[in-house]
Amino acid sequence: MARPKNVKYVFVTGGVISSLGKGILSASLGMLLKSRGLRVAIQKYDPYINVDPGTMSPYQHGEVYVTDDGAETDLDLGHYERFLDESTSQASNLTMGRVYKSVIDKERKGEYLGGTVQVVPHVIDEIKDRLAELAKKGNYDVIITEIGGTIGDIESLPFLEAMRQMKLDMGERNLLNIHLTFVPYIKAASELKTKPTQHSVKMLLETGIQPDILVCRSEKPLSREIKNKVGHFCNVNDLDVIGLNDCDTIYEVPLTLLQEKLDMRVLKKLGLKQYHEPDLAKWTDFCRKVKHPEGGEVNVAICGKYTEYPDAYKSILEALVHAGASNNVKVNIRLIRAEDGESKSYDFSKELAGINGILVAPGFGDRGIEGKIEFIRYAREQNIPFLGICLGMQCASVEFARNVCGLPDANSTEFNKRSRFPVIDLMEQQKKVKEKGGTMRLGSYPCIIREGTKAHAVYGKFLINERHRHRFEFNNTFRPAFEEHGMIFSGTSPNGELVEIIEIRDHRWFVAVQFHPELKSRVEKVHPLFHGFVGAAKAYADGVHQPELGARAEVHETPSPAPAPVQQGFAAGENIGTPSFFIEEERPAGDGGQGLS
């Protein structure tokens, strides 16, 4: 593996139990190093055999995070982007399935010259080459790699062996391991117990890896005595034992780690001296607004199919946190099962009493669809602020067709192929697609926004780029009927063929989008649609008839000039990808096709 010069590597591993927060730790460290002036890249290595999480159940994996270049990745990449305000790419997420697939493909092509293909060296070399590939994509000072799973998992062993070999090849001044462990608090004994951490480090040592820094997650702060004990039994300097007790919000984790001097220990061990003091004033102010907002509270209901597992909507939940801070209000979230709305005994006025905004979340399949449609109908008829995302927009179109346009059999062909009024239909390019993984319309595409609409008011610009993950689209045959009954098509693809944003003219805030705005919301750059939605919910809660639609200046980028006239008359099935003359920002280069048209 040819390693680019001067790049330093940090590997983050976890022990004792899962869900300790390796992703938040990695993102927080990356944010701190970036705030000191270093160029940081961050990635996730997942040990499962799936090529990517695109076809995995939300109940097992949580949300699928889509990057600009169309990669379907782990939700931790969302944390990376939100904390660092940097876009990730296909190269930022590597699964063991992708590694094995690449090795097997090379063997079939004869690239191993008839040799016996083994985990060592072939699989390990493939992992090391992928890391070098990311390093070559940018001029980075530090690359942080989170290794998924828990020490002791069989699936993680090749990743750990690759890390061991790399440290031997590069030297201790170029690569270090941060091991996140759990120090449980035993309430009956009023004690923090270090034995699980000791055993976790012992298991890591069995792979040939001595951790350089230990981050100890705990319910209570670690005393100096506890840190000394952990350092003594784990062969780590007590200054390299970092305490990370529970925080009120994940956005306080970087501030806690800064106080514990984690970033300074990393800089010292890697021999990095060119840095400056971090300015976290805006971040600190954001945390203050999250914890102690001065503008009151709003109540938002999220109607979805996977509400039993909130990680399925992780980016939506975080985007609402960002929007709460930007509006200086606390956003109380109520997760509601879509199926509940299908019951004839469900009392919407009672169950949604006190709700100031309704968001219908994305998803796939027909389960709960009629319930989503009923929640949308209630939001429309009661003039409650509404935001629909992806499938939420498609359901909003079906509801409007049935109950406003007088098309009672209206539906999506995803749910009823024989509908007389298929207002949502399979995209022309998708009709011959047989495989499921990586074949949807994925990644960042441009959208032209119509002036004088709510969408234009919150974005403050005519041209935007948003991330997509869908196969079905609005059927343009029905656009005249929708417009006649008060629907505004406020955002479309540059050629005018794909409907991206819809809104109702006479509703205080009824906006639905085909794309996923939640994927681009950041701590210091809240997404305009979420800012506008929460602002509308606040106005509704305050009894204001019409909310102020303009977004704050720092919420969105500088408004761009009006684009050239939109081209019309594209033939069905013609390429509706991203024309070069409409590209607003370059996509990060990926390492494989992800179904982009």
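The backbone N, Cα and C atoms fix where each Cβ goes, glycine too.
Computed from a predicted structure; not experimentally measured.
When Swiss-Prot records Y59, G363, L391, G392, M393, Q394, E414 as binding L-glutamine, the matching candidate from R108, R467, R471, R479 it lists for that site is R471. For the ATP site, Swiss-Prot lists S19, L20, G21, K22, G23, I24; matching the candidates D76, D85, D105, D125 against that entry yields D76. Once the Cα atoms of S19, L20, G21, K22, G23, I24, D76, the listed binders of ATP, are compared pairwise, the greatest separation found is 13 Å. Reduced to three states, the DSSP call for G363 (L-glutamine binding site) is coil. Non-local contacts of P196 (UTP binding site) by the CB criterion (under 8 A, 6+ apart in sequence, same chain) comprise G15, V16, T181, F182, V183, P184. The maximal spread of the UTP binding site, taken as the longest Cα to Cα distance among S18, K193, T194, K195, P196, T197, Q198, K229, is 23 Å. Residue density at G392 (L-glutamine binding site): 26 other Cβ atoms are found within 10 A of its Cβ, drawing on all protein chains shown. The binding-site residues near D76 (ATP binding site), taking a 10 angstroms Cα-Cα threshold over the set Y59, E146, K193, are E146. Under DSSP, E146 (Mg(2+) binding site) is assigned to a strand (E or B) in the three-state scheme. Comparing C-alpha positions, K22 (ATP binding site) sits nearest to T197 among the recorded positions T197, K229, G392, E518.
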